Amino acid sequence: MKVVIVGAGMGGMSAAIALRQIGIDTVVYERVTENKPVGAAISVWSNGVKCLNYLGLQEETAELGGKVETMSYVDGHTGDTMCRFSMHPLIEQVGQRPYPIARAELQLMLMKAYGIDDINFGMKMVGVENDTAGSAAKATFADGTTVSADVIIGADGAGSITREYVLGGPVSRRYAGYVNYNGLVSTDDAIGPATEWTTYVGDGKRVSVMPVSDDRFYFFFDVVEPQGSPYEEGRVREVLRAHFAGWTPGVQTLIDTLDPLATNRVEILDLDPFHTWVKGRVAVLGDAAHNTTPDIGQGGCSAMEDAIALQWAFKDHPDDVHAALAAYQSARTERAADLVLRARKRCDVTHAKDPQVTSRWYDELRNEDGTNIIRGIVGNIVGGPLTPVTAATEG
């Protein structure tokens with residue numbers, strides 16, 4: 001059996017490794033010519049880490065991951081700690097430490113595990129279809145190349161061409177209402193403790209820092225802005241100083257420290273969940289299937305879960321492509337949709353879609369001992385192929 005995977009992002013590479021583990025011939029095509037992911041880092045929660053471990057990357061993942069011992073919320077205006085709590089109850093409940101990881105390093109780890117020389121870079125897919133006999137699927141690339149395979153997996157991102165084919169037309173993404181500015185800086189106690197995930201909140205905005213490897217923080221600023229607001233590259237400090245004027249010194253230090261030319265600006269969008277992921281021998285995976293906001297940190301993790309579910313589906317149905325893809329779709333659509341909607345709900349609370357609701361959340365944070373926050377995070381983590389719901393995780 002030959003499976004073509006279009007897209008060498010986290011989902012595509014995880015799927016390629018997972019299918020190769022069970023002896024399936026995989027070929028990966030990627031439109032870019034070098035490893036330049038959008039976003040500086042990613043929070044890989046325990047369900048995602050378990051997927052990476054399953055793919056044989058336990059040591060590499062732990063080496064790249066930041067060690068988060070505690071989590072805190074801080075009043076952005078006063079600098080007062082609203083709550084601080086240990087992450088160890090979460091680790092004990094789900095059986096795995098989460099790891100924030102620099103995105104380019106995670107991507108490179110996956111590519112190396114699969115074999116960088118086995119990835120076909122610079123190949124932009126412009127069309128995908130099943131053949132008229134239903135015996136193969138075909139992808140067409142911008143250079144005129146066509147490839148046929150028993151299965152084509154479209155891991156071609158949020159603007160997926162594969163999704164258009166599977167659904168029979170384009171689907172509009174929804175602007176979530178905010179812009180995320182993100183990057184990497186050296187750890188600095190003036191910004192936050194080196195082993196803590198620190199989040200400053202206020203006025204429907206947030207600033208967050210978390211440790212990644214090599215004594216660095218991954219940081220992001222969330223700002224409510226109209227979609228398409230003008231922005232001049234390299235002027236991020238001026239923009240953030242205006243948005244966060246009067247905020248606590250830790251935030252000002254972060255703004256002063258960041259590299260304006262290495263800071264990403266991302267308008268955040270998502271997709272309404274849909275439950276048709278397969279058309280004949282063509283299927284979607286990752287952001288192509290469930291583009292989500294980053295508000296619960298599950299987008300990449302969900303893509304990795306897709307990869308494991310895809311492997312299991314082909315394990316169960318090694319000689320029946322259609323049964324395997326149907327099993328994959330059945331295993332994933334409800335779970336992925338739930339994560340999209342959980343993220344959307346958290347997004348609205350965090351970014352003051354209803355200011356009264358957000359104000360109540362700030363009050364709750366001031367009375368939080370970590371129990372409720374950890375319960376919510378565990379609720380996001382469980383439900384995937386390697387993190388089934390158990391009596392322990394339900395508690």
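Numbering starts at 1 and runs along the chain as it is shown here.
The backbone N, Cα and C atoms fix where each Cβ goes, and this holds for glycine too.
Under a cutoff of 8 A between CB atoms, and with a sequence separation of 6+ in the same chain, the neighbours of Gly11 (FAD binding site) are Ala155, Leu285, Gly286, Asp287, Ala288, Gly300, Ala303, Met304, Asp306, Ala307. If you look up Swiss-Prot, you'll see Gly11, Glu30, Arg31, Ser43, Met125, Asp287, Gly297, Gln298, Gly299, Gly300, Cys301 marked as FAD binding site.
Look at Swiss-Prot and you will find Asn180, Arg206, Tyr218, Phe219, Phe220 tagged as substrate binding site. When secondary structure is read from DSSP and collapsed to three states, Tyr218 (substrate binding site) falls in the strand class. Proximity of Tyr218 (substrate binding site) to non-local residues of its own chain (separation of 6 or more, Cβ distance below 8 Å) is seen for Ala40, Ala41, Gly66, Pro100, Ala102, Asn182, Gly183, Leu184, Val209, Met210, Pro211, Val212, given in sequence order.
When the neighbouring Cβ atoms lying within 10 Å are counted for each of the binding-site residues (Gly297, Gly299), the highest count belongs to Gly299. Distance from the CA of Asn180 (substrate binding site) to the CA of Met125 (FAD binding site) is 28 Å. Of the recorded residues, Phe220 (substrate binding site) and Gly297 (FAD binding site) place their C-alpha atoms 13 Å from one another. According to DSSP, Cys301 (FAD binding site) is assigned to a helical segment. For Cys301 (FAD binding site), the count of additional Cβ atoms within 10 Å of its Cβ stands at 28 [all protein chains shown].
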